[in-house]
Amino acid sequence: MTKQRVCPVCGSTEFIYDPERGEIVCARCGYVIEENIVDMGPEWRAFDASQREKRSRTGAPESILLHDKGLSTDIGIDRSLTGLMREKMYRLRKWQSRLRVSDAAERNLAFALSELDRITAQLKLPKHVEEEAARLYREAVRKGLIRGRSIESVIAACVYAACRLLKVPRTLDEISDIARVEKKEIGRSYRFIARNLNLTPKKLFVKPTDYVNKFADELGLSEKVRRRAIEILEEAYKRGLTSGKSPAGLVAAALYIASLLEGEKRTQREVAEVARVTEVTVRNRYKELVEKLGIKVPVT
């Protein structure tokens with residue numbers, strides 16, 4: 001528990017900080033509580049964000065999402081320059097951008113990270129997922145795992161792995177829709193990277209329940225149906241019925257059953273389309289869950 005500062009003269013707890021003198025004084029009696037305080041902030045003043053940006057002499061923090069981690073210098077743009085000077089600055093910026101990616105490895109990394117930015121933006125993935133995917137990709141490059149594989153398939157595989165590691169529900173189908181490579185190729189790269197980066201099944205395990213809200217939102221199902229679907233999935237997990245099964249297929253079947261039980265029926269086709277699985281998969285998982293868990297589904 002922190003002690004509250006009290007003026008030793010009058011007992012007041014109200015103080016004024018004087019940045020010019022570097023002092024803290026009592027607001028009631030004027031007693032100097034502390035002096036010679038070092039101001040760790042900048043020596044300049046700014047009244048808005050643009051002034052702050054112009055006057056700041058330090059760059060942005062390091063970022064794993066930039067190929068050079070943001071440590072290179074950028075030449076800015078000044079629209080008030082005359083024609084000749086503007087032309088000169090344009091040429092300098094052009095050369096500077098070329099120097100930033102001086103060799104093939106740098107160019108490949110820059111391309112991979114721009115592709116990562118595109119995929120994560122379209123999937124509306126949070127920043128920490130993008131950063132984890134970038135970390136995995138850099139590690140794969142360091143270990144020489146990219147050779148013989150397309151950059152697009154490896155970066156898509158890293159996005160999928162990052163989603164699974166951080167328990168963000170995204171299916172391989174969703175990622176392959178955005179990526180410029182086929183699902184099979186992404187799957188191969190994903191398995192190869194997972195094996196060589198020691199991403200064990202335990203680390204990559206995603207509970208089917210993590211997908212419930214995502215699919216239920218798209219189907220417009222109530223909280224009551226979601227809770228029932230989660231109960232079904234948890235019971236299935238306890239009985240070992242989820243092992244080796246696609247989470248999307250299991251969730252689709254559980255939501256289908258729950259929608260029937262709670263009187264909010266959705267067709268197998270509707271559920272299959274949302275989960276990006278076939279109707280046959282939904283039907284097979286449905287039969288298995290109903291039989292093994294002894295669920296009595298109302299006849300419709």
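Cβ atoms are placed via backbone N, Cα and C, with glycine included.
Annotated features in Swiss-Prot:
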- CYS7, CYS10, CYS26, CYS29: Zn(2+) binding site (BINDING)
- 114-197: repeat '1' (REPEAT)
- 210-291: repeat '2' (REPEAT)
- 3-34: zinc finger (ZN_FING)
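Those same-chain residues not listed among CYS7, CYS10, CYS26, CYS29 yet with C-beta within 8 angstroms of the centroid of the Zn(2+) site C-beta atoms are PRO8, VAL9, GLY11, SER12, ALA27, ARG28, GLY30, TYR31. In terms of local Cβ density within 10 Å, CYS26 ranks first among the binding-site residues CYS10, CYS26, CYS29. Reduced to three states, the DSSP call for CYS10 (Zn(2+) binding site) is coil. In sequence order, THR13, PHE15, CYS26, ARG28, CYS29, TYR31, ILE33 are the residues near CYS7 (Zn(2+) binding site), counting only same-chain partners six or more apart with C-beta under 8 A. Across the repeat '1' (114-197), DSSP helix (H, G, I), strand (E, B) and coil residues number 62 helix, 0 strand, 22 coil. Residue counts for the zinc finger (3-34) under DSSP (helix as H, G, I; strand as E, B; rest coil) come to 0 helix, 11 strand, 21 coil.
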